[in-house]
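Peer 1: Quick one: the structure is below, questions incoming.
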Amino acid sequence: MLDLFAEEEPWSEPLADGAVILRRRALSDADALLEQVAKIAAQNPFHHRITPGGHRMSVAMTNCGDLGWTTDSRGYQYSEQDNAGGTRWPPMPTLFRQLAVSCAAEAGFANFNPDACLLNRYEPGAKLTLHQDKDERDLRQPIVSVSLGLPAVFQFGGFERSDATTRVLLEHGDVVVWGGPSRLRYHGILPLKPGIHPQAGAFRFNLTFRRAH
Ligand code: MD3
Ligand code: FE
């Protein structure tokens, strides 16, 4: 019988050499993931960081795991402490780790062992301009990203900021694994459109799992 409430099965879409979207891969875990996001934020609140250039980021961030990505007047770095509050980051929930490790394995990256998870929170208008992620020590390790809540237009380009970009919509439950030659591609998020998501309210959340050290 047709079940209108059946959950979609995940499917994969190759994006580029070393990069794959696992569509809806995190959908069945989404409510539990959002619950953990709320717990982490209760310990270490989302915070609009100030870039070394003095700009307040429109994306609010926090972290969990042994290391967290931070920015301050000294630059960008992974650190064991939250420089906003001076405390250790909350531990990486088992569900987060299991999801990241199994998605990496599905994409062909066995033995991924993340020590950092950056949590990004987007409100309407929030964006991430084109950048490369290269503060991690071993760039042979992939990054796994999990999108939750409102949809966003993701932009990915080449290896120079001025290279042409492609746009992809990332939706609730989508996972992207970036490794191999795609690891150093420029990428960003266009300004978030306002909306209300049934599970996440007026926000988009993105979790990125990294091997930082
Ligand atoms: C491609 N986050 O936190 S996730 C970031 O949706 C970041 O919040 C975006 O870029 C977000 O650094 C994009 C997809 C993503 C994450 C890491 C990548 C794409 C990537 C690293 C290398 C290449
Ligand atoms: Fe990035």
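All residue numbers here begin at 1 and follow the chain in the order shown.
Cβ coordinates are placed from backbone N, Cα and C, and glycine is handled just like the others.
Straight out of TrEMBL:
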type: BINDING; residues: TRP69, TYR76, GLN77, TYR78, ASP135, ARG161; note: substrate binding site
type: DOMAIN; residues: 113-213; note: domain 'Fe2OG dioxygenase'
type: BINDING; residues: ASN120, ARG121, TYR122, ARG204, PHE205, ASN206, LEU207, THR208, PHE209, ARG210; note: 2-oxoglutarate binding site
type: BINDING; residues: HIS131, ASP133, HIS187; note: Fe cation binding site
Peer 1: Which residues, same chain and not among HIS131, ASP133, HIS187, have a CB within 8 angstroms of the centroid of the CB atoms at the recorded Fe cation site?
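Peer 2: So the extra residues in range turn out to be LEU128, LEU130, GLN132, ARG185, TYR186, GLY188.
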Peer 1: Per DSSP, to which secondary structure element type does ASP133 (Fe cation binding site) belong, with helix, strand and coil as the options?
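Peer 2: DSSP call for ASP133 (Fe cation binding site): coil, neither helix nor strand.
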Peer 1: Out of the binding-site residues I have (TYR122, ASP133, ARG161), which ones have their Cβ sitting under 6 Å from ligand 2?
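Peer 2: The qualifying binding-site residues are ASP133.
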Peer 1: Ligand 1 is in the model; which of the binding-site residues ASN120, ASP133, LEU207 have a C-beta less than 6 angstroms from one of its atoms?
Peer 2: ASN120, ASP133
Peer 1: Could you tally the C-beta atoms, other than its own, that fall within 10 angstroms of the C-beta of PHE205 (2-oxoglutarate binding site)?
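Peer 2: Excluding its own Cβ, the number within 10 Å is 24.
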Peer 1: Within 10 Å of the Cβ of TRP69 (substrate binding site), how many other Cβ atoms are there?
Peer 2: 23
